[in-house]
Amino acid sequence: MTSTPPETDPTVDEGTTTDPEPQSAPANWHLQAGKVPAQEGVDPQQRAFSGFAPLPPPPPGFVATRWSGPAYGGGPAAWLSALVGGVAAALALPLTKPGIGWFLVGLVIAVTVAYAARYGPTPDDKIERVIRVGWVVLALGLLSVGSYLNAYWLFYICVLGALGCASLAVAGGHSVRALIVAAAALPLAFFRSIPWLFRGANAWQKGREKQSGASRTVVAVIATVVLLLVFGGLFASADPAFAKIIGDILPTLDAGTVRRAIFYTLIGGLFTAGAIFIVLAPPDLSGLERPSTRRIGRVELVLPLGALVLLFAGFVAVQFRFLFSDTAPAGTTFSKYAVQGFGQLVVVTLLTLLVIGCATRWAPKDNEQERTLLRTLLGALVLLSLVVVASAVYRMWLYMNELGWTRERLFFGAVELYLGAVFLMVVIAGVKLRATWFPRAIIASFALLLIGIAAMNPERYIAERNIERFNAHKDDPAYMQTFDLGYLQFLTSDAIDELMTLEEPFRSCALKRIEADLRTQPEQWYSWNYSRYHARIVIKKAQPNEGACTEWFAIRDRTR
(Lines of atoms letter the chains of each structure in order from A; the text may use other names.)
(Lines give C-alpha, C1' and ligand atoms only; values in the text may rest on other atoms or scores of the structure.)
Protein backbone atom coordinates (compact mmCIF):
# COMPACT_ATOMS: atom_id res chain seq x y z
CA MET A 1 0.00 0.00 0.00
CA THR A 2 1.39 3.35 -0.92
CA SER A 3 0.92 6.41 1.26
CA THR A 4 -0.22 9.69 -0.14
CA PRO A 5 2.24 12.53 0.58
CA PRO A 6 0.79 15.43 2.52
CA GLU A 7 -0.30 18.47 0.61
CA THR A 8 2.07 21.41 0.82
CA ASP A 9 1.48 25.11 0.49
CA PRO A 10 2.93 26.21 -2.85
CA THR A 11 3.74 29.64 -1.43
CA VAL A 12 6.20 28.19 1.10
CA ASP A 13 9.67 27.28 -0.08
CA GLU A 14 11.13 23.95 0.74
CA GLY A 15 13.45 23.91 3.70
CA THR A 16 11.43 26.49 5.61
CA THR A 17 9.22 25.90 8.59
CA THR A 18 5.89 27.46 9.32
CA ASP A 19 4.73 28.70 12.68
CA PRO A 20 2.02 26.66 14.33
CA GLU A 21 -1.46 28.03 14.71
CA PRO A 22 -1.60 30.52 17.60
CA GLN A 23 -3.46 29.12 20.56
CA SER A 24 -5.58 31.09 22.96
CA ALA A 25 -3.98 31.74 26.35
CA PRO A 26 -5.43 29.88 29.34
CA ALA A 27 -7.75 31.79 31.62
CA ASN A 28 -5.22 31.75 34.48
CA TRP A 29 -2.30 32.92 32.39
CA HIS A 30 -1.50 35.74 34.86
CA LEU A 31 -1.08 33.17 37.65
CA GLN A 32 1.10 30.85 35.58
CA ALA A 33 3.40 33.60 34.26
CA GLY A 34 6.91 33.10 35.45
CA LYS A 35 6.09 29.79 37.18
CA VAL A 36 8.89 27.22 37.14
CA PRO A 37 8.55 23.49 37.81
CA ALA A 38 9.14 22.29 41.34
CA GLN A 39 12.61 20.99 42.01
CA GLU A 40 13.62 18.29 44.42
CA GLY A 41 15.94 19.30 47.26
CA VAL A 42 15.08 23.01 47.03
CA ASP A 43 14.22 24.98 50.15
CA PRO A 44 10.40 25.45 50.34
CA GLN A 45 10.69 29.20 50.95
CA GLN A 46 13.00 29.60 47.97
CA ARG A 47 10.66 27.42 45.89
CA ALA A 48 7.72 29.67 46.85
CA PHE A 49 9.48 32.82 45.63
CA SER A 50 10.77 31.12 42.48
CA GLY A 51 7.29 31.22 40.99
CA PHE A 52 7.37 34.99 40.55
CA ALA A 53 8.80 36.67 37.48
CA PRO A 54 11.40 39.43 38.05
CA LEU A 55 10.06 42.96 38.28
CA PRO A 56 10.50 45.14 35.22
CA PRO A 57 13.15 47.85 35.46
CA PRO A 58 11.89 51.18 36.80
CA PRO A 59 11.12 53.83 34.20
CA PRO A 60 13.85 56.40 33.59
CA GLY A 61 13.66 59.41 35.87
CA PHE A 62 13.85 63.14 35.25
CA VAL A 63 17.66 63.20 35.10
CA ALA A 64 17.81 60.45 32.47
CA THR A 65 15.02 61.81 30.28
CA ARG A 66 15.22 65.58 30.65
CA TRP A 67 18.66 66.38 32.05
CA SER A 68 21.25 63.98 30.74
CA GLY A 69 23.97 66.62 30.85
CA PRO A 70 26.57 67.44 28.20
CA ALA A 71 27.28 64.66 25.71
CA TYR A 72 31.00 65.26 26.12
CA GLY A 73 33.26 65.48 29.14
CA GLY A 74 34.56 68.63 30.72
CA GLY A 75 37.57 69.54 28.67
CA PRO A 76 40.51 71.87 29.35
CA ALA A 77 38.31 74.98 29.13
CA ALA A 78 35.98 73.63 31.83
CA TRP A 79 38.93 72.69 34.04
CA LEU A 80 40.47 76.12 33.56
CA SER A 81 37.19 77.84 34.43
CA ALA A 82 36.75 75.69 37.52
CA LEU A 83 40.33 76.46 38.53
CA VAL A 84 39.71 80.20 38.18
CA GLY A 85 36.57 80.00 40.33
CA GLY A 86 38.28 77.83 42.92
CA VAL A 87 41.37 80.03 43.21
CA ALA A 88 39.17 83.12 43.49
CA ALA A 89 37.27 81.50 46.38
CA ALA A 90 40.50 80.44 48.09
CA LEU A 91 42.08 83.89 47.83
CA ALA A 92 39.14 86.22 48.41
CA LEU A 93 36.22 84.52 50.20
CA PRO A 94 35.75 85.69 53.84
CA LEU A 95 33.50 82.81 54.84
CA THR A 96 33.15 83.75 58.52
CA LYS A 97 32.01 87.37 58.10
CA PRO A 98 30.63 89.85 55.58
CA GLY A 99 33.22 91.39 53.29
CA ILE A 100 33.87 92.67 49.80
CA GLY A 101 35.36 89.31 48.84
CA TRP A 102 31.90 87.75 48.54
CA PHE A 103 31.01 90.14 45.75
CA LEU A 104 34.39 89.77 44.03
CA VAL A 105 34.23 85.96 44.04
CA GLY A 106 30.66 86.07 42.75
CA LEU A 107 31.70 88.47 39.98
CA VAL A 108 34.63 86.25 38.91
CA ILE A 109 32.42 83.15 38.80
CA ALA A 110 29.70 85.04 36.89
CA VAL A 111 32.20 86.22 34.24
CA THR A 112 33.69 82.72 33.97
CA VAL A 113 30.29 81.06 33.53
CA ALA A 114 29.19 83.75 31.06
CA TYR A 115 32.29 83.01 28.97
CA ALA A 116 31.48 79.29 28.98
CA ALA A 117 27.82 79.98 28.16
CA ARG A 118 28.83 81.04 24.65
CA TYR A 119 29.18 77.35 23.78
CA GLY A 120 25.80 76.34 25.20
CA PRO A 121 22.22 76.89 24.07
CA THR A 122 20.77 80.35 24.61
CA PRO A 123 17.08 81.22 25.07
CA ASP A 124 15.40 82.14 21.81
CA ASP A 125 13.27 84.81 23.46
CA LYS A 126 15.05 88.14 23.99
CA ILE A 127 12.95 88.84 27.09
CA GLU A 128 14.06 85.52 28.57
CA ARG A 129 17.71 86.45 28.02
CA VAL A 130 17.12 89.77 29.78
CA ILE A 131 15.48 87.94 32.69
CA ARG A 132 18.50 85.63 33.00
CA VAL A 133 20.79 88.65 33.18
CA GLY A 134 18.43 90.16 35.75
CA TRP A 135 18.85 87.10 38.00
CA VAL A 136 22.62 87.54 37.80
CA VAL A 137 22.32 91.22 38.73
CA LEU A 138 20.10 90.34 41.71
CA ALA A 139 22.57 87.68 42.87
CA LEU A 140 25.51 90.11 42.70
CA GLY A 141 23.42 92.80 44.39
CA LEU A 142 22.68 90.48 47.31
CA LEU A 143 26.37 89.56 47.62
CA SER A 144 27.37 93.23 47.56
CA VAL A 145 25.53 93.75 50.86
CA GLY A 146 28.58 92.30 52.61
CA SER A 147 30.78 95.12 51.34
CA TYR A 148 28.97 97.87 53.26
CA LEU A 149 26.96 96.19 56.06
CA ASN A 150 28.17 94.12 59.00
CA ALA A 151 24.75 92.68 59.96
CA TYR A 152 25.74 89.02 59.61
CA TRP A 153 22.20 87.75 60.28
CA LEU A 154 20.89 89.65 57.25
CA PHE A 155 23.90 89.03 55.04
CA TYR A 156 23.76 85.24 55.26
CA ILE A 157 20.08 85.36 54.29
CA CYS A 158 21.24 87.44 51.31
CA VAL A 159 23.83 84.76 50.46
CA LEU A 160 21.11 82.09 50.37
CA GLY A 161 19.01 84.37 48.18
CA ALA A 162 21.99 84.92 45.87
CA LEU A 163 22.43 81.15 45.47
CA GLY A 164 18.78 80.83 44.49
CA CYS A 165 19.02 83.67 41.98
CA ALA A 166 22.21 82.18 40.51
CA SER A 167 20.50 78.82 40.04
CA LEU A 168 17.57 80.46 38.24
CA ALA A 169 20.00 82.46 36.09
CA VAL A 170 21.60 79.32 34.65
CA ALA A 171 18.55 76.99 34.61
CA GLY A 172 15.63 79.32 33.87
CA GLY A 173 12.01 78.35 34.45
CA HIS A 174 8.59 80.01 34.46
CA SER A 175 6.06 77.95 36.37
CA VAL A 176 6.15 77.05 40.05
CA ARG A 177 7.20 73.45 39.37
CA ALA A 178 9.87 74.52 36.90
CA LEU A 179 11.27 77.10 39.33
CA ILE A 180 11.49 74.51 42.10
CA VAL A 181 13.47 72.19 39.82
CA ALA A 182 15.62 75.10 38.58
CA ALA A 183 16.41 76.20 42.14
CA ALA A 184 17.60 72.68 42.94
CA ALA A 185 19.56 72.35 39.69
CA LEU A 186 22.71 74.14 40.84
CA PRO A 187 23.19 72.11 44.06
CA LEU A 188 22.66 68.91 42.05
CA ALA A 189 25.04 70.05 39.32
CA PHE A 190 27.64 70.69 42.03
CA PHE A 191 27.92 66.89 42.44
CA ARG A 192 27.15 65.90 38.85
CA SER A 193 30.04 68.01 37.60
CA ILE A 194 32.58 65.75 39.34
CA PRO A 195 32.24 62.71 37.01
CA TRP A 196 31.77 65.10 34.09
CA LEU A 197 35.14 66.73 34.76
CA PHE A 198 36.90 63.39 35.21
CA ARG A 199 35.34 62.06 32.01
CA GLY A 200 36.80 65.03 30.20
CA ALA A 201 40.16 64.55 31.92
CA ASN A 202 40.31 60.93 30.74
CA ALA A 203 39.55 61.97 27.17
CA TRP A 204 42.16 64.69 27.44
CA GLN A 205 44.70 62.19 28.75
CA LYS A 206 44.09 59.83 25.82
CA GLY A 207 44.55 62.60 23.27
CA ARG A 208 47.38 64.46 24.93
CA GLU A 209 49.69 63.82 21.97
CA LYS A 210 47.36 66.19 20.07
CA GLN A 211 47.24 68.90 22.69
CA SER A 212 45.03 71.85 21.86
CA GLY A 213 45.64 75.47 22.70
CA ALA A 214 43.28 75.25 25.68
CA SER A 215 45.19 72.34 27.19
CA ARG A 216 48.48 74.18 26.82
CA THR A 217 46.86 77.17 28.54
CA VAL A 218 45.87 75.01 31.51
CA VAL A 219 49.42 73.69 31.82
CA ALA A 220 50.77 77.24 31.61
CA VAL A 221 48.41 78.47 34.34
CA ILE A 222 49.35 75.62 36.67
CA ALA A 223 53.04 76.22 36.04
CA THR A 224 52.58 79.95 36.70
CA VAL A 225 50.89 79.31 40.05
CA VAL A 226 53.63 76.90 41.12
CA LEU A 227 56.42 79.30 40.12
CA LEU A 228 54.80 82.24 41.92
CA LEU A 229 54.35 80.23 45.10
CA VAL A 230 57.93 78.93 45.10
CA PHE A 231 59.75 82.15 44.23
CA GLY A 232 57.33 84.31 46.20
CA GLY A 233 58.07 82.27 49.31
CA LEU A 234 61.82 82.60 48.72
CA PHE A 235 61.67 86.37 48.25
CA ALA A 236 59.43 86.77 51.31
CA SER A 237 61.93 84.91 53.45
CA ALA A 238 64.77 87.08 52.14
CA ASP A 239 63.21 90.54 52.56
CA PRO A 240 60.95 91.53 55.52
CA ALA A 241 59.45 94.48 53.61
CA PHE A 242 58.45 92.23 50.72
CA ALA A 243 57.14 89.68 53.21
CA LYS A 244 54.90 92.36 54.78
CA ILE A 245 53.45 93.25 51.38
CA ILE A 246 52.78 89.59 50.63
CA GLY A 247 51.27 89.16 54.10
CA ASP A 248 48.84 92.01 53.48
CA ILE A 249 47.72 90.39 50.24
CA LEU A 250 47.74 86.73 51.22
CA PRO A 251 46.82 85.14 54.56
CA THR A 252 49.44 83.62 56.82
CA LEU A 253 50.67 80.34 55.37
CA ASP A 254 50.23 77.67 58.02
CA ALA A 255 48.58 74.26 58.15
CA GLY A 256 45.15 75.75 58.85
CA THR A 257 45.45 78.21 55.98
CA VAL A 258 46.51 75.46 53.58
CA ARG A 259 43.54 73.30 54.58
CA ARG A 260 41.25 76.29 54.19
CA ALA A 261 42.68 77.09 50.75
CA ILE A 262 42.23 73.50 49.55
CA PHE A 263 38.65 73.35 50.86
CA TYR A 264 37.69 76.72 49.35
CA THR A 265 39.32 75.81 46.03
CA LEU A 266 37.29 72.60 45.83
CA ILE A 267 34.05 74.32 46.78
CA GLY A 268 34.56 77.30 44.45
CA GLY A 269 35.78 75.09 41.61
CA LEU A 270 32.88 72.65 41.83
CA PHE A 271 30.37 75.49 42.13
CA THR A 272 31.78 77.04 38.94
CA ALA A 273 31.89 73.67 37.18
CA GLY A 274 28.30 72.97 38.22
CA ALA A 275 27.10 76.27 36.76
CA ILE A 276 28.97 75.54 33.50
CA PHE A 277 27.48 72.02 33.48
CA ILE A 278 23.99 73.57 33.51
CA VAL A 279 24.57 76.29 30.90
CA LEU A 280 26.06 73.77 28.47
CA ALA A 281 23.16 71.33 28.89
CA PRO A 282 20.30 72.86 30.91
CA PRO A 283 17.42 70.69 32.13
CA ASP A 284 14.41 70.49 29.85
CA LEU A 285 11.67 72.20 31.86
CA SER A 286 9.11 72.38 29.05
CA GLY A 287 7.13 69.45 30.42
CA LEU A 288 6.72 71.26 33.74
CA GLU A 289 5.39 74.47 32.19
CA ARG A 290 2.50 73.24 30.09
CA PRO A 291 -0.94 74.30 31.33
CA SER A 292 -3.07 71.49 32.66
CA THR A 293 -5.77 70.10 30.37
CA ARG A 294 -7.75 68.61 33.25
CA ARG A 295 -10.77 70.59 34.41
CA ILE A 296 -12.96 70.25 37.46
CA GLY A 297 -16.69 70.83 37.50
CA ARG A 298 -18.41 73.98 38.63
CA VAL A 299 -19.71 72.29 41.78
CA GLU A 300 -16.23 71.03 42.64
CA LEU A 301 -15.02 74.62 42.39
CA VAL A 302 -17.80 76.54 44.10
CA LEU A 303 -18.31 74.23 47.08
CA PRO A 304 -14.77 74.28 48.59
CA LEU A 305 -13.92 77.84 47.57
CA GLY A 306 -17.26 79.19 48.73
CA ALA A 307 -16.93 77.43 52.09
CA LEU A 308 -13.40 78.81 52.49
CA VAL A 309 -14.57 82.35 51.72
CA LEU A 310 -17.35 82.03 54.30
CA LEU A 311 -14.85 80.74 56.86
CA PHE A 312 -12.53 83.70 56.22
CA ALA A 313 -15.45 86.11 56.47
CA GLY A 314 -16.60 84.56 59.74
CA PHE A 315 -13.12 84.80 61.25
CA VAL A 316 -12.75 88.43 60.22
CA ALA A 317 -16.21 89.26 61.60
CA VAL A 318 -15.57 87.59 64.97
CA GLN A 319 -12.07 89.03 65.35
CA PHE A 320 -12.79 92.44 63.85
CA ARG A 321 -12.77 94.27 67.18
CA PHE A 322 -9.32 92.81 67.92
CA LEU A 323 -7.81 92.90 64.41
CA PHE A 324 -7.01 96.61 64.56
CA SER A 325 -7.26 97.11 68.32
CA ASP A 326 -4.40 98.33 70.50
CA THR A 327 -5.34 95.82 73.21
CA ALA A 328 -4.93 92.06 73.21
CA PRO A 329 -7.83 89.64 73.76
CA ALA A 330 -8.40 88.32 77.27
CA GLY A 331 -6.08 85.53 78.33
CA THR A 332 -3.05 86.56 76.27
CA THR A 333 -0.35 89.22 76.27
CA PHE A 334 0.17 91.75 73.50
CA SER A 335 3.53 90.23 72.55
CA LYS A 336 2.03 86.76 72.20
CA TYR A 337 -0.85 88.26 70.24
CA ALA A 338 1.55 89.91 67.77
CA VAL A 339 3.67 86.76 67.37
CA GLN A 340 0.50 84.72 66.96
CA GLY A 341 -0.63 87.13 64.24
CA PHE A 342 2.63 86.64 62.36
CA GLY A 343 2.33 82.86 62.52
CA GLN A 344 -1.28 83.01 61.36
CA LEU A 345 -0.31 85.26 58.48
CA VAL A 346 2.44 82.95 57.21
CA VAL A 347 0.22 79.85 57.34
CA VAL A 348 -2.76 81.66 55.81
CA THR A 349 -0.61 83.06 53.00
CA LEU A 350 0.95 79.72 52.06
CA LEU A 351 -2.35 77.84 52.14
CA THR A 352 -4.21 80.59 50.30
CA LEU A 353 -1.59 80.73 47.54
CA LEU A 354 -1.78 76.94 47.25
CA VAL A 355 -5.57 77.08 46.92
CA ILE A 356 -5.38 79.90 44.36
CA GLY A 357 -2.76 78.02 42.35
CA CYS A 358 -4.84 74.83 42.26
CA ALA A 359 -8.01 76.74 41.38
CA THR A 360 -6.45 78.68 38.50
CA ARG A 361 -4.84 75.49 37.15
CA TRP A 362 -7.88 73.20 37.13
CA ALA A 363 -10.93 75.49 37.26
CA PRO A 364 -13.09 75.72 34.12
CA LYS A 365 -12.46 78.94 32.16
CA ASP A 366 -14.10 78.18 28.84
CA ASN A 367 -16.66 81.00 28.87
CA GLU A 368 -17.09 84.41 30.43
CA GLN A 369 -19.54 83.14 33.04
CA GLU A 370 -17.03 80.61 34.39
CA ARG A 371 -14.24 83.18 34.40
CA THR A 372 -16.42 85.70 36.27
CA LEU A 373 -17.32 83.07 38.87
CA LEU A 374 -13.64 82.22 39.40
CA ARG A 375 -12.65 85.88 39.69
CA THR A 376 -15.41 86.51 42.22
CA LEU A 377 -14.47 83.62 44.51
CA LEU A 378 -10.72 84.22 44.34
CA GLY A 379 -11.15 87.98 44.64
CA ALA A 380 -13.18 87.62 47.83
CA LEU A 381 -10.59 85.22 49.23
CA VAL A 382 -7.71 87.59 48.44
CA LEU A 383 -9.48 90.65 49.88
CA LEU A 384 -10.22 88.85 53.15
CA SER A 385 -6.60 87.68 53.26
CA LEU A 386 -5.46 91.29 52.83
CA VAL A 387 -7.51 92.20 55.92
CA VAL A 388 -5.61 89.55 57.90
CA VAL A 389 -2.31 90.88 56.48
CA ALA A 390 -3.13 94.46 57.46
CA SER A 391 -4.10 93.31 60.94
CA ALA A 392 -0.83 91.42 61.43
CA VAL A 393 1.23 94.40 60.23
CA TYR A 394 -0.68 96.75 62.54
CA ARG A 395 -0.20 94.45 65.54
CA MET A 396 3.52 94.09 64.88
CA TRP A 397 3.86 97.88 64.53
CA LEU A 398 2.17 98.48 67.88
CA TYR A 399 4.24 95.73 69.46
CA MET A 400 7.53 97.25 68.29
CA ASN A 401 6.59 100.76 69.35
CA GLU A 402 5.46 99.54 72.76
CA LEU A 403 8.30 97.15 73.65
CA GLY A 404 11.14 98.32 71.39
CA TRP A 405 12.67 97.26 68.12
CA THR A 406 14.75 94.13 67.62
CA ARG A 407 16.23 92.38 64.61
CA GLU A 408 13.55 89.68 64.65
CA ARG A 409 10.66 92.12 64.98
CA LEU A 410 11.93 94.32 62.16
CA PHE A 411 12.53 91.37 59.83
CA PHE A 412 9.15 89.79 60.60
CA GLY A 413 7.45 93.13 60.02
CA ALA A 414 9.16 93.45 56.64
CA VAL A 415 8.08 89.91 55.72
CA GLU A 416 4.48 90.78 56.60
CA LEU A 417 4.61 93.75 54.24
CA TYR A 418 6.08 91.48 51.58
CA LEU A 419 3.23 88.99 51.98
CA GLY A 420 0.79 91.86 51.54
CA ALA A 421 2.57 92.77 48.29
CA VAL A 422 2.24 89.14 47.15
CA PHE A 423 -1.54 89.31 47.57
CA LEU A 424 -1.62 92.56 45.61
CA MET A 425 0.24 90.78 42.80
CA VAL A 426 -2.40 88.04 42.99
CA VAL A 427 -5.05 90.70 42.40
CA ILE A 428 -3.16 91.94 39.31
CA ALA A 429 -2.71 88.38 38.05
CA GLY A 430 -6.43 87.70 38.50
CA VAL A 431 -7.38 90.19 35.80
CA LYS A 432 -6.57 87.70 33.02
CA LEU A 433 -6.51 84.56 35.20
CA ARG A 434 -3.15 83.69 33.69
CA ALA A 435 0.15 85.27 34.64
CA THR A 436 3.34 83.42 33.75
CA TRP A 437 5.28 86.24 35.38
CA PHE A 438 3.79 85.66 38.83
CA PRO A 439 6.04 82.84 40.21
CA ARG A 440 9.22 84.65 39.17
CA ALA A 441 7.87 87.96 40.48
CA ILE A 442 7.43 86.43 43.95
CA ILE A 443 11.09 85.36 44.07
CA ALA A 444 12.44 88.57 42.56
CA SER A 445 10.39 90.72 44.94
CA PHE A 446 11.77 88.83 47.94
CA ALA A 447 15.32 89.43 46.69
CA LEU A 448 14.48 93.12 46.29
CA LEU A 449 13.03 93.08 49.82
CA LEU A 450 16.37 91.86 51.20
CA ILE A 451 18.24 94.55 49.26
CA GLY A 452 15.78 97.16 50.52
CA ILE A 453 16.23 96.07 54.14
CA ALA A 454 19.99 96.28 53.68
CA ALA A 455 19.69 99.74 52.12
CA MET A 456 17.86 101.08 55.18
CA ASN A 457 20.65 99.74 57.46
CA PRO A 458 18.40 97.80 59.89
CA GLU A 459 20.75 97.83 62.88
CA ARG A 460 21.17 101.57 62.69
CA TYR A 461 17.39 101.98 62.47
CA ILE A 462 16.88 99.68 65.48
CA ALA A 463 19.39 101.66 67.53
CA GLU A 464 17.81 104.95 66.46
CA ARG A 465 14.29 103.94 67.53
CA ASN A 466 15.40 102.44 70.85
CA ILE A 467 17.56 105.46 71.70
CA GLU A 468 14.61 107.75 70.94
CA ARG A 469 12.52 105.80 73.45
CA PHE A 470 15.38 105.92 75.96
CA ASN A 471 15.78 109.70 75.69
CA ALA A 472 12.03 110.17 76.09
CA HIS A 473 11.73 107.98 79.23
CA LYS A 474 15.16 108.08 80.88
CA ASP A 475 13.78 110.10 83.80
CA ASP A 476 11.21 107.40 84.52
CA PRO A 477 12.60 104.96 87.17
CA ALA A 478 10.24 102.20 86.03
CA TYR A 479 11.47 102.47 82.45
CA MET A 480 15.12 102.50 83.52
CA GLN A 481 14.55 99.14 85.19
CA THR A 482 13.37 97.64 81.88
CA PHE A 483 15.78 99.43 79.53
CA ASP A 484 17.97 96.76 77.93
CA LEU A 485 21.32 98.41 77.31
CA GLY A 486 22.78 94.95 76.81
CA TYR A 487 20.78 94.56 73.60
CA LEU A 488 22.36 97.71 72.18
CA GLN A 489 25.74 96.17 72.98
CA PHE A 490 24.97 93.21 70.74
CA LEU A 491 24.31 95.38 67.71
CA THR A 492 27.05 95.37 65.10
CA SER A 493 29.21 98.22 63.87
CA ASP A 494 26.35 99.27 61.54
CA ALA A 495 24.81 101.12 64.51
CA ILE A 496 27.98 102.97 65.54
CA ASP A 497 26.77 106.46 64.56
CA GLU A 498 23.53 106.14 66.53
CA LEU A 499 25.27 104.67 69.57
CA MET A 500 27.59 107.67 69.60
CA THR A 501 24.57 109.90 70.32
CA LEU A 502 24.12 108.31 73.76
CA GLU A 503 25.40 110.19 76.76
CA GLU A 504 28.02 108.75 79.08
CA PRO A 505 28.29 106.19 80.60
CA PHE A 506 25.72 104.59 78.31
CA ARG A 507 27.72 105.35 75.16
CA SER A 508 30.95 103.71 76.31
CA CYS A 509 29.07 100.70 77.67
CA ALA A 510 27.21 100.24 74.38
CA LEU A 511 30.45 100.54 72.38
CA LYS A 512 32.39 98.10 74.54
CA ARG A 513 31.51 94.91 72.66
CA ILE A 514 31.93 96.47 69.22
CA GLU A 515 35.35 97.78 70.21
CA ALA A 516 36.40 94.33 71.45
CA ASP A 517 35.22 92.63 68.26
CA LEU A 518 37.10 95.06 66.03
CA ARG A 519 40.24 94.73 68.13
CA THR A 520 40.29 90.92 68.07
CA GLN A 521 39.32 90.47 64.41
CA PRO A 522 42.02 91.83 62.09
CA GLU A 523 41.04 92.57 58.51
CA GLN A 524 42.42 91.20 55.26
CA TRP A 525 41.89 93.02 52.00
CA TYR A 526 39.19 90.58 50.90
CA SER A 527 37.26 90.93 54.18
CA TRP A 528 37.15 94.74 53.97
CA ASN A 529 33.78 96.14 54.95
CA TYR A 530 32.80 99.80 55.04
CA SER A 531 30.84 99.45 58.27
CA ARG A 532 33.79 98.02 60.21
CA TYR A 533 36.20 100.46 58.54
CA HIS A 534 34.04 103.41 59.60
CA ALA A 535 33.55 102.01 63.12
CA ARG A 536 37.32 101.73 63.66
CA ILE A 537 37.74 105.41 62.87
CA VAL A 538 34.88 106.44 65.18
CA ILE A 539 35.98 104.28 68.12
CA LYS A 540 39.57 105.46 67.78
CA LYS A 541 38.34 109.02 68.29
CA ALA A 542 35.77 108.17 70.99
CA GLN A 543 38.07 106.03 73.20
CA PRO A 544 35.33 104.29 75.27
CA ASN A 545 35.67 104.26 79.05
CA GLU A 546 36.56 100.80 80.39
CA GLY A 547 34.43 101.08 83.54
CA ALA A 548 31.35 102.51 81.84
CA CYS A 549 29.17 99.42 82.29
CA THR A 550 29.85 99.41 86.05
CA GLU A 551 28.63 103.01 86.22
CA TRP A 552 25.50 102.05 84.28
CA PHE A 553 24.69 99.27 86.75
CA ALA A 554 25.12 101.73 89.62
CA ILE A 555 22.71 104.18 87.97
CA ARG A 556 20.15 101.43 87.47
CA ASP A 557 20.47 100.32 91.10
CA ARG A 558 19.84 103.86 92.31
CA THR A 559 16.53 103.96 90.43
CA ARG A 560 15.16 100.98 92.35
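Cβ atoms are placed via backbone N, Cα and C, with glycine included.
As given in TrEMBL:
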| type | residues | note |
| --- | --- | --- |
| REGION | 1-28 | region 'Disordered' |
| TRANSMEM | 76-93 | transmembrane segment |
| TRANSMEM | 99-117 | transmembrane segment |
| TRANSMEM | 129-147 | transmembrane segment |
| TRANSMEM | 153-171 | transmembrane segment |
| TRANSMEM | 178-198 | transmembrane segment |
| TRANSMEM | 218-242 | transmembrane segment |
| TRANSMEM | 262-281 | transmembrane segment |
| TRANSMEM | 301-324 | transmembrane segment |
| TRANSMEM | 345-364 | transmembrane segment |
| TRANSMEM | 376-398 | transmembrane segment |
| TRANSMEM | 410-431 | transmembrane segment |
| TRANSMEM | 437-456 | transmembrane segment |
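Within the same chain, residues 176, 291-292, 294-298, 301, 305, 308, 370, 374, 377-378, 381-382, 385, 388-389, 392, 415-416, 419, 422-423, 426, 433-434 sit at least 6 positions outside the transmembrane segment (345-364) and bring their C-beta atoms closer than 8 Å to a C-beta of that stretch. Long-range contacts of the transmembrane segment (99-117) within the same chain: residues 77-78, 81, 84-85, 88-89, 92-93, 136, 139-140, 143-144, 146-147, 159, 162, 166, 170, 268, 271-272, 275-276, 279-280, 526-529, each at least 6 residues beyond the stretch ends and with a Cβ under 8 Å from a Cβ of the stretch. Contact between the transmembrane segment (178-198) and the transmembrane segment (129-147) does not hold: fewer than three of their C-beta pairs are under 8 Å, each pair 6 or more apart in sequence.
A contact between the transmembrane segment (437-456) and the transmembrane segment (153-171) is present, since 3 or more of their C-beta pairs, 6 or more residues apart, lie under 8 Å. Tertiary neighbourhood of the transmembrane segment (376-398): same-chain residues 301-302, 305-306, 308-309, 312-313, 315-316, 319, 323-324, 326, 334, 337-338, 341-342, 344-345, 348-349, 352, 355-356, 359-360, 409, 412-413, 416-417, 419-420, 423-424, 426-427, 430, selected by CB-CB distance under 8 Å and a gap of 6+ residues from either end.
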